[in-house]
Amino acid sequence: MLSKATLLLSLPFWARVANAAFGITTTSSSYVIDANSASPLKFTVNRSNCDITSINFYGAELQYQGTGSHIGSGLGSASVSATQSGDYIKVTCSTSTLTHYFVVHNGDPIIHMATHITAEPSIGELRFIARLNNELLPNEEPFGQVSNTAGGTAIEGSDVYLVNGQTRSKFYSSERFIDDHRHCVSGSAHRVCMILNQYESSSGGPFHRDINTNNGGQYNALYWYMNSGHAQTEANRMGLHGPYSMYFSRSGTPGTNIDTSFFANLDIKGYVPANARGKVSGKASGADSTFKWVVHWYNDEAQYWTYTASDGSFTSPAMKPGTYTMVYYQGEYKVASTSVSVSAGSTTTKNISGSVTTGKTIFKIGEWDGQPTGFRNAANQLRMHPSDSRMASWGPLTYTVGSSSLSDFPMAIFKSTNSPVTIKFTASSSQTGAATLRIGTTLSFAGGRPQAKVNSFTGPVPSAPKDLNSRGVTRGAYRGFGEVYDVAIPAGTIVAGTNTITISVVSGSSGDTFLSPNFIFDCVELFQ
């Protein structure tokens with residue numbers, strides 16, 4: 001039995017629950033949506049511009065009061081309506097090229113969303129940003145302080161800061177799409193999480209990453225970036241983005257398996273229900289089993305991916321009908337590509353096989369995994385700027401095959417900072433014939449690409465890589481188009497005994513320190 005004191009203390013909360021009623025309250029300027037959840041959630045949507053102006057959860061105001069939560073930097077103006085049908089409420093916000101939905105199910109402390117576009121927003125990116133009260137929600141999850149820029153001094157552009165001796169940026173909150181199912185902001189009594197179960201209309205593939213959270217001092221921002229120009233390798237996709245869900249809890253972290261199939265009954269523009277989709281199943285084979293394998297499908301309208309099981313078997317997510325390019329990755333390194341067609345209501349069987357093929361290896365530095373794994377500073381680069389005092393020296397470095405550690409080789413070389421990197425190796429008399437030096441890269445900046453010199457032989461200057469027009473390594477990105485450069489080494493260039501290779505950054509552009517032309521290494525292999 002509850003004590004009298006406990007009952008008295010509980011009265012305000014229980015009164016709120018008892019008085020809660022699922023529904024819409026309409027005022028001259030706003031719609032107030034009551035979710036009728038056990039931990040009460042009410043939020044207010046501006047009827048003229050679609051901004052969320054209030055989020056009252058469990059008696060606390062979680063919305064930052066200086067600026068609303070919205071698509072982009074706000075729609076400016078929109079046609080906004082709200083309807084209730086049984087246990088569902090739908091708020092629809094429309095402009096000439098964009099329709100945004102807020103959907104609430106009776107009893108759930110969740111704001112479900114979806115965004116349909118027929119043209120890219122004028123700001124050049126499509127995102128939802130929840131601007132939340134950072135007094136009640138100061139923390140960022142799962143990566144913590146790396147993206148808390150409050151009180152910092154800008155050191156690069158307006159998005160990389162120095163805070164208490166550490167470099168921080170909103171970009172350092174990113175996670176690969178294939179692994180990013182949930183990111184949150186939290187405090188001692190509240191947690192708000194963005195749950196992401198549908199990336200089909202986003203861009204960049206399974207390994208793309210973008211901004212997730214940023215406590216900038218005025219508010220704590222919780223994002224879902226559907227597309228942007230941040231190291232983006234694909235064109236933007238139109239159509240419906242989502243559903244995605246903003247989940248409110250008191251202390252626990254919500255699961256990521258949220259059923260949004262009810263969207264099929266809510267007249268959501270562009271929504272494709274499960275019965276109008278198909279799947280692909282099969283088996284991948286041939287790649288190095290020490291790495292995780294990923295299968296990826298994409299076309300101009302949609303993208304999907306999955307990890308394979310340990311035996312290589314896989315089943316895709318439910319896909320829109322159409323013909324797709326199907327890619328098989330060893331880690332993040334593409335080893336095979338084919339095409340497959342998907343039909344509604346059926347599962348297509350399609351196997352895929354591939355491997356990394358080189359030759360008789362003289363030496364290999366790193367692994368063909370599409371990432372700078374193990375190289376110097378690679379473990380830190382996702383979460384801090386290259387100038388950070390916690391980084392090891394960038395060099396220029398010398399790597400000696402057979403005695404150096406992998407961490408003695410830099411993850412990246414910069415034209416104005418640590419170019420060239422030097423490799424020393426010993427060859428036998430049987431290894432003095434013609435050879436190939438293969439230099440794998442993952443991302444370039446300002447036209448940076450490798451030029452190699454082997455003893456007295458100087459390799460050609462490669463053609464410039466495709467320009468992503470985006471800062472990369474300084475903002476925690478390492479993945480671009482993954483250019484691989486082969487240098488043909490004439491017979492007699494390699495000598496029996498000690499040999500020296502230098503790899504330099506070449507580019508017609510220039511820049512200071514870490515904004516000079518650069519590229520990130522994947523693997524360097526010499527073979528015959």
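Including glycine, each Cβ sits where the backbone N, Cα and C put it.
Record features, source Swiss-Prot:
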DISULFID  CYS50-CYS93  disulfide bond
DISULFID  CYS184-CYS193  disulfide bond
CARBOHYD  ASN46  N-linked glycosylation site
CARBOHYD  ASN351  N-linked glycosylation site
SIGNAL    1-20  signal peptide
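Projection of Swiss-Prot feature records onto the structure.
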residue: ASN46; record: N-linked glycosylation site; Cβ within 10 Å: 20
residue: CYS50; record: disulfide bond; Cβ within 10 Å: 26
residue: CYS93; record: disulfide bond; Cβ within 10 Å: 25
residue: CYS184; record: disulfide bond; Cβ within 10 Å: 21
residue: CYS193; record: disulfide bond; Cβ within 10 Å: 23
residue: ASN351; record: N-linked glycosylation site; Cβ within 10 Å: 14
Inset, instruction - List the Cα distance (Å, whole number) between ASN46 (N-linked glycosylation site) and CYS93 (disulfide bond). - result: 10
Legend entry - Coarse DSSP state, helix versus strand versus coil, of CYS184 (disulfide bond): strand
Inset, instruction - Provide, as an integer number of angstrom, the distance between the C-alpha atoms of CYS93 (disulfide bond) and ASN351 (N-linked glycosylation site). - result: 43
Inset, instruction - With CYS50 (disulfide bond) as the reference Cα, tell me which of the recorded positions CYS184, CYS193, ASN351 is the closest one. - result: CYS193
Inset, instruction - To the nearest whole angstrom, state the Cα distance for the pair CYS193 (disulfide bond) and ASN351 (N-linked glycosylation site). - result: 37
Inset, instruction - Please state whether DSSP places CYS50 (disulfide bond) in a helix, a strand or coil. - result: coil
